[in-house]
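Undergrad: So Swiss-Prot lists the following for this protein:
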type     : residues                   : note
DOMAIN   : 8-130                      : domain 'MsrB'
BINDING  : Cys47, Cys50, Cys96, Cys99 : Zn(2+) binding site
ACT_SITE : Cys119                     : active site, nucleophile
Amino acid sequence: MKKIEKTLDEWRSMLDPEQYQVCRLKGTERPFSGKYNSERRDGIYHCICCGLALFDAQTKFDAGCGWPSFYAPIEDSAMIEIRDTSHGMIRTEVTCARCDAHLGHVFPDGPPPTGLRYCINSVCIDLRPRD
């Protein structure tokens, strides 16, 4: 997969302020505030920055954590996992494999079949109908 590389100024001009803060500066939207937290429509969730397909809506579940949660990415190659020791915690950050956008974190407390919970910021994703 060909990487997309832009300067922070280029990303800032493409994204709204909240998208920029979360995707490019590794921020976090407030829990229960994101437009996809309670979303139930079918489709594919794509990276808001580069359009890469990230999650199938059929893998979304209600974790009660305040952010959209998925038990698996659409392809393992769509994500990069990075050890995150910020805020006095040890977590695993997930970023878009194509543009390095911060998406959220993955935790080992999800449902079968993976046992994983990809906790994703709504501002980082875009739900599109299936082709």
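Every residue, even glycine, has its Cβ placed from backbone N, Cα and C.
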Undergrad: With H, G and I counted as helix, E and B as strand and the rest as coil, say where DSSP puts Cys47 (Zn(2+) binding site).
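TA: Reduced to three states, the DSSP call for Cys47 (Zn(2+) binding site) is strand.
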Undergrad: What kind of secondary structure is Cys99 (Zn(2+) binding site) part of, going by DSSP in three states?
TA: coil
Undergrad: Quick check: which same-chain residues outside Cys47, Cys50, Cys96, Cys99 lie with their CB within 8 A of the centre of the Zn(2+) site CB atoms?
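TA: Output for this site, in sequence order: Ile4, Ile48, Cys49, Gly51, Leu52, Ala97, Arg98, Asp100, Ala101.
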Undergrad: How many of the residues that make up the domain 'MsrB' (8-130) does DSSP mark as helix, as strand and as coil?
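TA: So the domain 'MsrB' (8-130) is made up of 27 helix, 38 strand, 58 coil.
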Undergrad: Show which residues of the chain containing Cys99 (Zn(2+) binding site), separated from it by at least 6 in sequence, have their CB under 8 Å from its CB.
TA: Lys3, Ile4, Glu5, Lys6, Cys47, Cys49, Cys50, Leu52
Undergrad: Along the domain 'MsrB' (8-130), what average pLDDT does this model show?
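TA: Here the mean pLDDT over the domain 'MsrB' (8-130) amounts to 97.
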Undergrad: Rounded to an integer, what is the Cα-Cα distance in Å between Cys119 (active site, nucleophile) and Cys96 (Zn(2+) binding site)?
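TA: Counting only the Cα atoms, the answer is 14 Å.
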Undergrad: I'd like to know which of these recorded positions, Cys47, Cys50, Cys96, Cys119, is least surrounded, judged by other CB atoms within 10 A.
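TA: Counting other Cβ atoms within 10 Å of each of the recorded positions Cys47, Cys50, Cys96, Cys119, the minimum falls on Cys50.
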